[in-house]
Structures are given as C-alpha cells and as structure tokens.
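Chemist: I have a structure I would like to understand better, so I am pasting it below and will then ask my questions one at a time.
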Amino acid sequence: MEKNMDIELSSMFVIFGGTGDLTKRKLIPAVFSLMHEGKLSENFTIVCIGRREKTSEQYREEMHEYVKEFSRFPLNNKLWDNFIKRIFYKNFDFTSNNQGYKDLDLFLGEMDNEYSTRGNRLYYLAVAPEFFEGIIRNLKNNNMVCKSIGWQRVMIEKPFGSNLKTARILNKNISKLIPEEDIFRIDHYLGKEMIQNILAIRFGNSLFEPLWNSNYIDNIQITSNELIGVENRGAYYENAGILKDMLQNHLLQMLTMIAMEPPVDFDPESIRDEKVKVLRSLRPFTTASLKKDIVRGQYGSGTINEVKVVGYRQEERVSRESNTDTFIALKTYIDNFRFGGVPIYIRAGKRMDTKSTEIVIQFKKLAGINYYKEFDQIGSNLLVLKIQPEEGFYFQINAKKPGNDFKIEKVELDYCQSCKYLNDSPEAYERLLLEAMRNNSSLFTRWDELEYSWKFIESIEKGYENDVSDYPNYEAGTPGPTGAVDLIEKDGRQWWNTEL
Ligand code: BG6
C-alpha cells in the first residue's frame, strides 16, 4: 500500500450493520479497492458491528469470499493480509444496549491508539431506517461524536424518512444531536463516474452551455431500467415502491445535475445551493396532471435472459394482492427561467428488458428545415449520456451520406469511456467513502434537497391514496406497460432507446 500523506484519511471506519448485504457486497469490497489503489492511509482500520455472534476471525473469513466476488481488483495475498488484519467484528445489540456503546467506545479508543487514527471516525449506518436516530442518539450520549479530538462523521443510507413528515421529524431529531456538516446522507448515484462527469461535460465545454435552455432543448429524458426484481427486499419494497426507492432519490438527483445553474465554484455548498433550486422549481402534480402525465406499473411473471422469473406478487415477503409500483413513467416540468416549458420525461422500472441508465437531451429541430426538401430525413440532435452499464456519451448530428445523391444520415460522435478505460471506473461506494473522509459533502444530499424532493413525491402519493390498480400490468423482461409509450407519443415525441 502506498503511503498516503493526507492525514485526514487517518481514520476508523465503523459500520453499523456489519452482517448486512450492503456491507458485504459493497462497503468492504469498496474499502479493499481503495486500499488497492493506495488511497488509504496506513493509519486506517475498520470495525463492523452486528447483532449476530461471531468472532473477528470468522467475520474475516466471510469477508474473504465477498471481496473475492465483489471487488473490482483481484485478491493478492500481500495486500489481503494487510487489509484483513485491520478488520474487527464487534457483536452487540446496537438497537438498545447502552452498555454496548460504552464498550464499543472503549474498544474504538484502543484501536485509535494502536492505529493512530487521531480520533477520526466515520460511522456508517448500514441498518434499517428505524434505527438511524437511536444509533445517533446513543453515539451522542456516549460522547462518541462531536468530540474535541479529530472529526466524527455519520453516513446515513437511504431512505431518509418514508415521506415528507417522517423525513422532517428524523432530520429535526438528529440535527439536535449532531451538526449538519457531520451528516453525510447517501445517494449512491452521486458517486457514479458518469454522474460526476455531467459537471465536466456541461461546464467544461463552450459547446453545450449556450444551448442548455428552453430555446434549444426540446425535451429531456431520464431512463433507469433494471433487469433485477426486488430480490430479497420484498418487505422494504412493499413500503417504498419505485416512487421512493428510485424516483425520490436517484432519478431526481440525476435531474438536478442536468438542470442546475452553473455553481459559483465547486464548493459543496455552492453545488448543493444550485441543485436545491431545481428541486424547488419542480412542478408538483395535481389530480388532473396525475391522470394524464403518470403511468405506473407492476411486473408479472416472465422470462429474463432465458430464465423464468416470478411476478412481483409472488416475490418473498410481498402481499399476493400488492398494489406496489415497480415501474413509473412521468412527464414533469422545471418551472424556472432556463427550462420553463421543456418537458422532462422520467421512467424507471424493475424487471425490464435491459439494464440501462441513460439521460437524453433532445435538441429542437432547425427552424428552417422546411426550406430544404433534401433535409426531410433530418434527425434531432441528441446528447446521450450513458450512465451505466456502459459509461460514456455521444452526440447525434446530421451529415451527408457519401454518394452522388444528397441524402442526410444521422451520425454519432461517440465517446465510449468504458472502452477507453476498460470498465475501470471506481464503484460509487469507493468514491463516497473517500469523499466523506475528505469532508467533501458535495456528493451527499443536503437536508433541503431531501425536503423538496419529498414534497414532489408527496404531490404524487396524495393523488394515489385511494387508487386500486389492476396489477400486474407488464410482463417481466419487457419494456414496461404500453401506457408509458403513449405518455410520450401523445406529445409527438418518442423515448430514445439508444443502444449504440
Ligand atoms: C438502490 C435501490 O438504491 O438502487 C435498488 O434500493 C436499486 O432497488 C438500486 O436496484 C440501483 O442501483 P444501481 O447502482 O444498480 O443502478
């Protein structure tokens, strides 16, 4: 491991929820990758807390398998030995046990001395949301945060609240315990390479910014299709649905990056000030617009990659009569000076026919188009940002097709980032952990962003209070309910399914 000179990175990573899926599949492999890249200090250690009884040795053995499977780097023995000796497992009931916190603090103190972590602690709450407040309260009561030595930060997984009211209560309660600057609310999409790239593409090129407004943009489309269903998270998903699982956070965050004004600088607060303005300008839904501009769905059984899969209602811990949505398509507007009148189409679904997250900016057609009959086949200029699985972007323009006739064809100026860097982008969690250690909160959601996104979601949810849907309404492995196509086609537009 390279020596990292950044003393802020001397720290202890304390994970609540050490035996959960997130820790095993994402967090520990992400820390391993950071070490592989020489991004961690020699003074670094990890303490994982769980309610299951096991020794650190047993825990380390388990982690070996997960890192092997989920890290983007191969295991090499020397590195692994250096990594694994820094991982400790502590078993106690973090939901109630005050003595457990005292013991934990003593243990962390010993680790602090042994690894010279300077009192710096990054607490990560990878637990069910109902435990967030209790854990923070216990940390505070036991003087484990806001200490006079080093820094202590708390990373909180989503969902932050289950609606506007509960999110407000949670925020009010925890902000009495720790200051906003020590709270890092996670939206892992902000850690994705191509989401970060939006800033560079928008603000690093003279080409796009002058066109980035309602004079030139016809519409914006954000699509997030997944092949997977709800896996083993039925109980959680029954309450969340696609609205709270994807729209309230990941999809709206992508929209803020696309639509925000240029920040005065790249300081976290400057960026988040601009993002929050976008969320404030989102047009809330009304009873009338809900009917017209939203299509919801739930998957039935079907076939994906030649494997038969069950419908949502047959998933584990899901009600057989469930009305939970696993798909949504909607049209909304950002009512501000720059984007007023530009339709924003958003769709997301589980058990679709492809895995793909993309943002498409469709530019307006040329005003003079009708004067040249040769140009009748002209296509719209599109800027397509490929967020995942392939990373990159392309710009679709019109050009003459070689030959003796004057024919126009669409061509793509294509930048395939995945090809250039051979899929070597850091995992979102790697970046988020590193930036939290560096105290860069721009990749985390500020409370006011959450508040406005919950307000928008509330305008949708309210409209559906007494709605009973005729589900399932799309087959797994298909592009979702047909209504989603009608939603955009009735405006004379189309969804761009843009696999190159
Ligand atoms: C999570 C949702 O936040 O994001 C999951 O809870 C979803 O339901 C996942 O599958 C999608 O993340 P990614 O990084 O695979 O696009």
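Each residue, glycine too, has its Cβ placed from N, Cα and C.
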Chemist: Write down the one residue from Asp245, Asp265, Asp376 that TrEMBL lists together with His188, Lys192, Glu226, Lys350, Lys355 as binding substrate.
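Modeler: As annotated by TrEMBL, His188, Lys192, Glu226, Lys350, Lys355 share the substrate site with Asp245, chosen from Asp245, Asp265, Asp376.
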Chemist: Out of Asp21, Thr23, Arg51, Lys192, Asp245, Lys350, which binding-site residues lie by ligand 1, with a C-beta less than 6 Å from some atom of it?
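Modeler: Asp245, in sequence order.
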Chemist: What's the longest C-alpha separation between any two of Gly17, Gly18, Thr19, Gly20, Asp21, Leu22, Thr23, Lys24, Arg51, Asp93, Phe94, Lys158, the listed NADP(+)-binding residues, in angstrom?
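Modeler: Between the outermost Cα atoms of Gly17, Gly18, Thr19, Gly20, Asp21, Leu22, Thr23, Lys24, Arg51, Asp93, Phe94, Lys158, the distance is 21 Å.
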Chemist: When the Cα-Cα distance from His188 (substrate binding site) is computed for each of the recorded positions Gly17, Thr23, Arg51, Phe94, His250, which gives the smallest value?
Modeler: His250
Chemist: For the binding-site residues Arg51, Lys350, which Cβ has the most other Cβ atoms within 10 Å, all shown protein chains included?
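Modeler: Highest number of other Cβ atoms within 10 Å: Lys350.
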Chemist: Rank aside, I only need the closest one: which of the recorded positions Lys192, Glu226, Asp245, His250 has its C-alpha nearest to that of Gly17 (NADP(+) binding site)?
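Modeler: Among Lys192, Glu226, Asp245, His250, Asp245.
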Chemist: Would you work out the biggest C-alpha to C-alpha distance among His188, Lys192, Glu226, Asp245, Lys350, Lys355, the residues that bind substrate according to the record, and give it in angstrom as a whole number?
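Modeler: That value is 20 Å for the farthest Cα pair.
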Chemist: DSSP on Arg51 (NADP(+) binding site), three-state: which is it?
Modeler: coil
